[in-house]
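Okay, structure first, notes after.
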Amino acid sequence: MDANRLRQVLGKTLRTFVNILPIVAGMLLLTSLLLTLFPDLLSARLFGGPPWADALLGTAIGSVAAGPPLVSYVLGGELLSKGVSQFAVTALLVSWVTVGIVQLPAEALLLGRRFALLRNGLCFLSAMAIAWLTALTLPLLG
Amino acid sequence: MSGERPPEAPEGAAGRKAGGRGGWIFLAIVAGLYGLAALFDREAAGRSLQVFAGLLGNVVPALGLVLVLLFLVNLLLSPKRVEKYLGRGSGLRGWVTALAAGVISTGPVYAAYAVLRELRLKGMRPSLMAALLYARAVKLPLLPLLVHYFGIAYTGLLVFWILAFAVLGGLVMGWVEEE
């Protein structure tokens, strides 16, 4: 392969990478701050309202949560065992991995503000829809 | 022919450089938040920095992967090729490629943002970008754990609905962004 082309590609890649670094650092710093300031945000006591309100709360919490998906499974399992509805838990699980309020600035900077806002808004609504559809279709599977 | 159209750049800062000055401004705002937090609770701000150091340690390998992927995308994928597989003319193959790529992709989401930005500049459809990001919600290595907590029927249904909504969300994004 042409050495000149390799140099060009490497230069372009490094410039892109350096521009990404402050976004990544900012996102990690923001996540760390939120995790430290609000460590006990989630508990079963928060739930207990009508199903739609619990699902909305689950979606909202999942949307601002910044931990790995594994945490949402463990947390969802715990909430379910404490009597929180499957509707709310599903909304939490789905929004946890599809909506990223904390990541929104990074997504907007890299993919465009309109794209990021619209995508996250759609994901917020679809988390509620998936929770409802899962609860509706699960009994059909026995 | 639609497949030969030049790619449209994403709007705003994303269309010019990855973040550009916006990235530094974002970092400065977050630094300002730390300053504010330190004014009220110095210890909490210090603890946050310790958490940051831990997260950063976990992220460094992923950043290495991002660098390699960006290099490969720039080296191997021409706008013409991206247009063919993920562009306007990609059809069903584009959707299948995006969903499969989303399901098998691992690592932090900003790694995906960075690579998707490059692919977008080379002609990837916004609808497929949205579908790929949505399909990332299916975490293959974690499925056994999901089955453990919620059962196999629930897991199967959840995966089905997530993929269905990845396509639906992608179609809506495409309708808004591509028209």
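In case you wondered, yes, glycine gets a Cβ from its N, Cα and C as well.
Per TrEMBL, transmembrane segment is recorded for B:22-40, B:52-75, B:95-116, B:128-152, B:158-176.
Scored by C-beta pairs under 8 angstroms, the transmembrane segment (B:128-152) has its highest count with B:95-116, from the stretches B:22-40, B:52-75, B:95-116, B:158-176. Counting same-chain residues at least six beyond the ends of the transmembrane segment (B:95-116), those with a Cβ under 8 angstroms from any Cβ of the stretch are 18, 59, 62-63, 65-66, 69-70, 73, 85-86, 124, 128-129, 131-136, 138, 140-141, 163, 166-167, 170.
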